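Undergrad: One structure follows; several queries about it will come next.
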């Protein structure tokens, strides 16, 4: 059967992909299979604790993974350990592409997503993996996010209209300029990396809403289609819900989506100042 030759012509000479493919296949043939290559053993020290196991105490357990037979991300290593070494290792994961936020954990000292962080290929270093800090732990790398989700629910993160006569009948129109204001806010995946990196949230998690929830509150405050901006601001007037933010900015540094919760909180504070001025003059 004759080989099919593909050609791509740009501004210069013709590039024949058949030759490139032949070179690629030759390189693959010449390379030694992963099973024959020298093992690249990487150590992972992982936080373990099972509250249902009598007498079990929090500890770090070390596992070894051959990087030649493992995907490039930390989540790949965790899945390999669970599938091939220790099925009792417990962690959350779902999308594997930085969308769902399920695999948020503390990796080598920073809060991030295991599915988007590459394994440190320095074999002399042990990669340390903990659950998100200052949270109750369900088991191993699974934090209890009940309080976090309750706080998110408290801000009513959905569109609210005072005139409900048109609800469900047609779309609420929004200008391109107003829609652009929501960029950098709606992309939040509620992974809790930012909130659990915030010292103010560590100290006052029962009262301070934290950067993730406050950024979502701001997202609805500035939505031109929402009619409850004043009411949303009113709910944040107490000393703790908003004002425990001291612009430490750990939240912005750690966000795996590159968002800026610290800036959103600062904008709420400016809106709050104007809101209080209006309340005094009224």
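Think of each number as a place in line: the chain as shown, counted from 1.
From the backbone N, Cα and C atoms, a Cβ is placed for every residue, glycine too.
Dumping what Swiss-Prot says about this protein:
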{"type": "TRANSIT", "residues": "1-26", "note": "transit peptide"}
{"type": "DOMAIN", "residues": "42-135", "note": "domain '2Fe-2S ferredoxin-type'"}
{"type": "BINDING", "residues": "95, 100, 103, 115", "note": "[2Fe-2S] cluster binding site"}
{"type": "DOMAIN", "residues": "178-208", "note": "domain '4Fe-4S ferredoxin-type'"}
{"type": "BINDING", "residues": "188, 191, 194, 255", "note": "[4Fe-4S] cluster binding site"}
{"type": "BINDING", "residues": "198, 245, 251", "note": "[3Fe-4S] cluster binding site"}
{"type": "BINDING", "residues": "203", "note": "ubiquinone binding site"}
Undergrad: May I ask for the distance between residue 255 ([4Fe-4S] cluster binding site) and residue 198 ([3Fe-4S] cluster binding site), taken between their Cα atoms and rounded to an integer number of Å?
TA: 11
Undergrad: For residue 188 ([4Fe-4S] cluster binding site), which of the binding-site residues 95, 100, 103, 245 has the nearest Cα in space?
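TA: It is 100, whose Cα lies nearest.
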Undergrad: Determine the most Cβ-crowded residue among the binding-site residues 95, 188, 194, using a 10 Å radius around each Cβ and all protein chains in the structure.
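TA: That would be 194, with the highest Cβ count within 10 Å.
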Undergrad: Please list, in sequence order, the residues in the chain of residue 251 ([3Fe-4S] cluster binding site) that are at least six apart in sequence and whose C-beta is under 8 Å away from its C-beta.
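TA: Residues satisfying the criterion: 194, 195, 197, 198, 211, 212, 261, 262.
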Undergrad: Using the CB centroid of 95, 100, 103, 115 as the [2Fe-2S] cluster site centre, which other residues of the same chain sit with their CB within 8 A?
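TA: Surrounding the site, in chain order, are 75, 93, 94, 96, 97, 98, 99, 101, 102, 113, 114.
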Undergrad: Mind tallying the domain '4Fe-4S ferredoxin-type' (178-208) by DSSP state, helix then strand then coil?
TA: 12 helix, 0 strand, 19 coil
Undergrad: Quick check for you: of the binding-site residues 191, 203, 245, which have their Cα within 10 Å of the Cα of residue 100 ([2Fe-2S] cluster binding site)?
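TA: Matched binding-site residues: 191, sequence order.
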Undergrad: Output, ordered by sequence, the same-chain residues six or more apart from residue 245 ([3Fe-4S] cluster binding site) with a CB under 8 Å from its CB, or 'none'.
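TA: 198, 200, 208, 211, 214, 262, 265, 269 - these are the non-local Cβ neighbours of residue 245 ([3Fe-4S] cluster binding site), listed in sequence order.
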Undergrad: How big is the gap, in Å, between the Cα of residue 103 ([2Fe-2S] cluster binding site) and that of residue 203 (ubiquinone binding site), rounded to a whole number?
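TA: If we compare the Cα positions of residue 103 ([2Fe-2S] cluster binding site) and residue 203 (ubiquinone binding site), the gap is 24 Å.
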Undergrad: Across the whole of the domain '4Fe-4S ferredoxin-type' (178-208), what does the mean pLDDT come to? Round it, please.
TA: 98
Undergrad: List only the single closest residue to the residue listed as 'ubiquinone binding site', chosen from the binding-site residues 95, 115, 191 by CA-CA distance.
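TA: Nearest listed residue in space: 191.
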